[in-house]
Amino acid sequence: MIIKIKNYSKRIVSIILLILIFLINISIEYSKYLDFIDEEIYETKVEILNIYEKPTNNILRLKAQDFDFFANIDKSEEIKKSDMLNIAIVSLNISFWDYLKGFYTTIIYFDKIEKTPKFIDKIIEKINSNHEDEMIKELFQTLFLGTTISKELRDICTNYGISHVIALSGFHLAVLSFTIYWVLYFPYSFFHQRYFSYRNKKYDLILISLVFLFYYLILTDIIPSLLRAFVMLVLTIYFLRSNIKIVSYINLFYTFLIVIALFPKFLFSLGFWFSIIAVFYIFLFIQYFKNLNKYFQIIFFNVWMFLVFNPIVHFYFPQTTYEQFLSIIINILFAIFYVFEIIAHIFGFAIYFDSFIKDFLSYEMNVFIVKTPFYFLLIYIFVSFASIFNKNIFLIMNILMIFFNLFLYS
């Protein structure tokens with residue numbers, strides 16, 4: 001009883017501490033916002049994250065040091081993705097809420113400036129040298145570095161139901177951590193046996209892998225879904241060392257609090273929320289289906305995750321195709337494909353498989369629009385959360401899931 005009270009007290013203290021960190025960081029953001037709106041015209045340096053082509057003009061997605069925003073630009077301007085600009089924009093009538101989530105404004109003037117080469121630019125050059133097709137270059141930049149993608153490629157991925165596969169998250173971090181661990185295993189084993197055999201080899205390798213993964217997180221400019229995965233991995237290792245249950249909704253809750261405490265803006269990231277929800281459903285699956293046959297579980301897990309996520313995904317991305325069922329197979333095979341493509345890009349033979357990828361990307365699908373009704377989304381989320389506490393409610397959630405997917409694809 002005393003131990004339970006102590007654990008409960010620690011949790012309360014941890015939550016209060018994270019809330020305080022959140023308040024400090026949101027105050028810092030507000031201070032930056034006040035500097036931003038101090039004058040009507042704000043000048044800063046930005047990187048072009050993406051260019052969305054429209055009939056009359058183009059829309060730029062731009063990243064400044066402290067915020068992201070969107071702006072129109074004339075189609076005749078000779079600029080491209082990843083260019084650096086010195087830019088002046090209108091900062092009037094932009095609320096703090098808009099400042100945090102990303103806003104739309106008007107460009108007064110801009111000048112192109114020389115971009116200082118970074119290590120990530122060398123990686124992008126290496127990726128591009130493996131391909132001739134621009135869309136395939138873009139695909140692998142996104143798969144390896146989490147760069148923003150064009151609307152055309154995003155629509156293709158949505159139509160295949162594989163947007164989660166190309167958005168860096170726990171899926172990719174798990175593959176990378178596994179790869180790094182085994183690449184380091186034998187060299188480290190040699191030194192471990194000779195010089196410090198008293199140490200825990202597996203734990204050391206995990207810590208070294210974490211260092212590499214942290215650098216990768218920084219390299220990708222801290223993508224919200226990837227940060228969620230990294231924080232959760234660190235917590236999992238800590239819980240394992242402390243003999244605490246790792247498959248726990250508390251673990252997920254702490255992950256959520258840590259991420260938003262450090263980066264309040266991520267509250268407005270759809271990718272971050274999708275990442276949190278995906279892990280929630282994984283935990284729900286483990287809670288109720290953990291005793292299934294292991295081989296059957298692999299297939300059933302991917303089928304169930306595809307179906308259970310559809311009501312949420314189709315509220316934001318209503319594009320629907322029968323080819324989305326292929327995502328079940330793609331999920332199962334993706335780890336092999338991802339590792340193979342990393343090796344292929346390092347040694348420069350990835351281009352030999354471009355014809356297959358090009359056929360995959362250029363395949364034309366019959367797309368129809370089915371949007372999840374808002375009332376159904378609210379009911380579904382509520383029932384999903386309540387499923388944690390009651391098996392019968394979990395059964396109701398699965399019935400809702402089945403009926404929605406019948407409605408979606410019928």
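Glycine residues also receive a Cβ, built from the backbone N, Cα and C atoms like all the rest.
Per TrEMBL, these features apply:
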DOMAIN    148-363  domain 'ComEC/Rec2-related protein'
TRANSMEM  12-28  transmembrane segment
TRANSMEM  162-186  transmembrane segment
TRANSMEM  207-240  transmembrane segment
TRANSMEM  246-263  transmembrane segment
TRANSMEM  270-289  transmembrane segment
TRANSMEM  295-317  transmembrane segment
TRANSMEM  329-353  transmembrane segment
TRANSMEM  365-386  transmembrane segment
TRANSMEM  393-409  transmembrane segment
Note to self: Which range wins on Cβ pairs under 8 Å with the transmembrane segment (12-28): 162-186, 207-240, 246-263, 295-317?
What the structure shows: 246-263
Item checked: Tertiary contacts of the transmembrane segment (295-317), as residues 6+ beyond its ends and Cβ separation under 8 Å -> 158, 161, 163, 270, 274, 277-278, 281-282, 285, 289, 324-325, 327-328, 331-332, 370-372, 374, 376-377, 380-381, 397-398, 400-402, 404-405, 408
Checklist line | pLDDT averaged over every residue in the domain 'ComEC/Rec2-related protein' (148-363) | finding: 91
Note to self: Let me spell it out: take the transmembrane segment (393-409), skip the flanking residues so only those 6+ beyond its ends count, and list any with a Cβ under 8 Å from a Cβ in it.
What the structure shows: 284, 288, 307-308, 310-311, 314, 320, 322, 370, 372, 376, 379-380, 383-384, 386-387
